[in-house]
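Copied over from TrEMBL:
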DISULFID  A:24-A:56  disulfide bond
DISULFID  A:34-A:45  disulfide bond
């Protein structure tokens, strides 16, 4: 099998330490703000989507998606 | 050549706990090698101090025994010795601190971006691993649960209470980021031969980076045990070219685990 190209969310200098909770949360918010600013069709936001999916546990993402639908998401979207 | 090969087959790296083990397991990552080197550095000073203090203690007890030395001396000051015994013990921790801080800061240094992110999610009595680098939507992660094989079930050659049904497969010689978080109560993801121990605290997501330098199967244990049959963590490092096919086959049950390299 040929070499798979391995790539993931890069190390972010805003979050240099062990605790990456805010990193994951920030990437999620960045994605949705990018969507709000540029619209769903443009592919520019896909990069942020990959980052938050790599960093955040699926449970957290599901919970946040639900909160966004209910309008109770506690972040600056 | 045959002799050399035979020799190689009998020397297996220690990547799991051995009975009555005194030393560390063999290092599989640069971090663990650094930890072992630091241990040797500190142990040298430790032995020096132990021998020195023991000798003085034994000498004092021997020569100043009340039968041999009934009249004690009345010396209360000694400026030279007081200066020396203050300066020398403050130099020794400096020799210990220098390699210790070097290791500590080099562990945190980000030289290269990680190539893969693996999420290790602790559940009360098992672990879930998510490989989400290639999703195109929120639902598609490669996710699997990893349960300890119970005591009655292991096959011949497997370690009791250390084996799991699905191992974490990682490519060797690649910078990995492991994100550790729990779903319920605090856990801790630890693999001694890789020099990793990362606590999983509810509501918090911790990252640890490793780069496994040799292929093999590494055994670890959860360091905040949450119940019976809870503890095992098994990481399998495969050559980078095999990584893609191993991961895509991961969800197919493996029937011949003991034969796997």
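Each residue, glycine too, has its Cβ placed from N, Cα and C.
A TrEMBL annotation is a machine prediction, not a hand-curated record.
Here the features listed in TrEMBL are placed on the structure.
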residue: A:24; record: disulfide bond; Cβ neighbours (10 Å): 26
residue: A:34; record: disulfide bond; Cβ neighbours (10 Å): 17
residue: A:45; record: disulfide bond; Cβ neighbours (10 Å): 20
residue: A:56; record: disulfide bond; Cβ neighbours (10 Å): 27
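Residue A:45 (disulfide bond) and residue A:56 (disulfide bond) have their C-alpha atoms 17 Å apart, to the nearest angstrom. Here the disulfide-bonded residues are A:24, A:34, A:45, and the ones sitting under 8 angstroms from chain B, going by CB atoms, are A:24. For residue A:24 (disulfide bond) paired with residue A:34 (disulfide bond), the C-alpha to C-alpha distance reads 15 Å. Across the structure, residue A:56 (disulfide bond) and residue A:34 (disulfide bond) place their CA atoms 18 angstrom apart. The DSSP secondary structure for residue A:56 (disulfide bond) is coil.
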